[in-house]
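J.: Feature annotation from TrEMBL assigns domain 'ABC transmembrane type-1' to B:82-293. Annotated transmembrane segment per TrEMBL: B:22-47, B:86-107, B:119-139, B:171-193, B:214-236, B:274-294, in sequence order.
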Amino acid sequence: MAVREFAERGADLQLVGIQKRFPGFTAIESLDLTIPAGSFFALLGPSGCGKTTTLRLVAGLEEPTEGRILIGGADVTATKAHQRPVNTVFQSYALFPHMTVIENVAFGLRRRRIGDATSRAHEALKLVELDHLAQRRPQQLSGGQQQRVALARAIVNRPALLLLDEPLGALDLKLRRQMQLELKGIQEEVGLTFLHVTHDQEEAMTMADTVAVMNRGAIEQMGAPAELYDLPRTAFVANFLGQSNLLTGEVVGTTPTSIAIDAGGHRVVVPVDRAQVHRGRITVGVRPEKVSLHREAPAEASDRNVLGPGRVIDVSFSGVSTQYLVEVAGIGTLLVFAQNIGIGPVAALGDEVWIGWSVEHGFGLADLAPDEGRFAADDSTSSLAVQAREELVAELGES
Amino acid sequence: MAFAAFATTEAQPQAPRRRSRIALFLLLPGIAYLILFFLAPLVSLLLTSLQQPNEFGDIGVYDYGFNWQNYVDVVSVYWEHIVRSFGYALVATVLALAFSYPLAYFIGVTARRWPLLQGLMLVLVIAPFFISFLLRTLAWKQILSDESFIITSLKALSLLAPDAHFTGTPFAVIFGLTYNFIPFMTLPLYTTLERLDLRYLEAGSDLYASPFTVFRKVTVPLSMPGIVAGTLLTFIPAAGDYINASRDFLGGPDTQMMGNVIEANFLVTLNYPAAAALSIILMAAILVIVGVYVKRSGTEDLL
């Protein structure tokens, strides 16, 4: 039985005061992190934020400039990659092209001189449902199959800690969704500790128990996916994890339960316990799907924020919902996601509308929102490389 | 791709074939060239190797015939030279590989971060080609001769017996062969190692392989196309080489290789059938050895 075969539990990982400097730049400023045994932990961040460097430090492929790495309580900072009880599923899969699939999977077992390596390898291949392709070469497999072989090659060793370096980045959307579910299933089945590095916020939220959002070599915020989404602490998290409407203004009134700011002449209220900073100039935000659209000015209510009148400057229909871009004088543009459930107002381009949301859905950030790029679209599910290429193509097309 | 050599050919889709007269027409010059300058001399060589001496003729006059005895004669007379040729070539190939692999690895992998150093080192590997092969070998003869600074110093230090020689010994010939063929070994090794994806090495060490095991199980198999190409480029010409082993260069009477014997038979004793038979034997032996080697190393695609 596969479950019994991989019954060994994962170990916890501790990073203590990690710093990594490369000639010319600092990849990781200062990182303290504890990942409990058996959890599925995701490191989420844009490219260049230091998440892959963190992974490589844990794998032993890089040495930290400062700090210690502990796996299951044992200090492994000074050990080499091949001495650590850690396996990696590489972004490129890095399946050995000169070996068959089964030889690839058995590679780690043979290095550790574990008996009946071949039958264990077959068992791991059965887990990822690829045992019938055991004699093929990796380059004869599709991307999704290669990804599963890479996964089998890593978990067959029953590592204390499994590192996943954007393993789904090269797959198309449908396959990626399927692999996300499979990976999560395997993690629950084998009970290993997974450390998953990704720039795909949806992937991180669907799969991980705990998500840490990394930016510029430091962790901005860490927590359960729902918690992070509901109450982002910084403007970076608010915009990287989903999208947000951010409003900046001076605090003009405080009650024991709420604080009010003046954002371009509009009064916006947030609950005190959902705001990180309570005085001075602060930024508050609300998720676009929590905002509702009104064709007429709604009645003032103490538990609702209302902005308006504004003008609809863009409408885009996406099946499940419709996205409205509303320009409000003194504030700028705000994004509204309206579910297409057949009730509620429908606005057309150029219509005058009011928007409102429940006070309890707002959040106050610890830092100020940057002035530009508030609505930089990051809901794209294509990988960063693909996005970069599309941008380049668009740029070349213009000139 | 370096890995193309490992891909099984059956999986590759058949390229659409189009029979075209134009293609045949374009091939004509090449075919004519091969017939004229390869096939015709080969047939001529084969016929020469079967010639028999003219009964009443002068030295060096032969009649066409089917004198298979020529082959038996040359093997029984020159078997030592045949064995020596392949022995020297093998030792020189192994030494050149041992010297070139670390060098090619350094240029192709370690020096990747410094393209300038990489370029400079490549130039240094190729630089000997700017000077004639003969001149360089002659220079080594000077450097290693009995009166040279190196040999006299070694003798002064009693590291070498007072009556010892270096030129004229098998060591000198193998040294010369190794030296002359190092660039032929280094360049193909460099081209495969330069494309070596280091992520495979990282994957190897991630899967509990020590640096030595990674080298043995990952680096060497992945650089096999370069190793095979380099050893062939060294072994084939080294087996037929007649410069290094020549008495005029680094060799002596006891180090004659097949090339020297063929040269002597053709140019000195005018025994054309014997020289031709030896050439055919050399060619056939190399073909067989190379065929077995390539088959065993699993890089048929190189041929």
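Placement of Cβ uses the backbone N, Cα and C atoms for every residue, glycine included.
Automated prediction, rather than curation, is the source of TrEMBL annotations.
Describe the structural context of these features.
T.: The list of residues near the transmembrane segment (B:119-139) in space but at least 6 beyond its ends in sequence, with Cβ under 8 angstroms from a Cβ of it, reads 103, 106-107, 111, 176, 179-180, 182-183, 186-187, 190, 243-244, 249-250.
Sequence-distant contacts of the transmembrane segment (B:214-236) (same chain, six or more residues past either end, CB-CB distance under 8 Å): 2-3, 5-6, 89-90, 92-93, 96-97, 100-101, 104, 181, 184-193, 196-197, 200-201, 203-205, 286, 289-290, 293-294, 297-299, 302.
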J.: Would you kindly check B:22-47, B:86-107, B:274-294 and say which stretch has the most C-beta pairs under 8 angstroms to the transmembrane segment (B:171-193)?
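T.: Top-ranked stretch among B:22-47, B:86-107, B:274-294: B:86-107.
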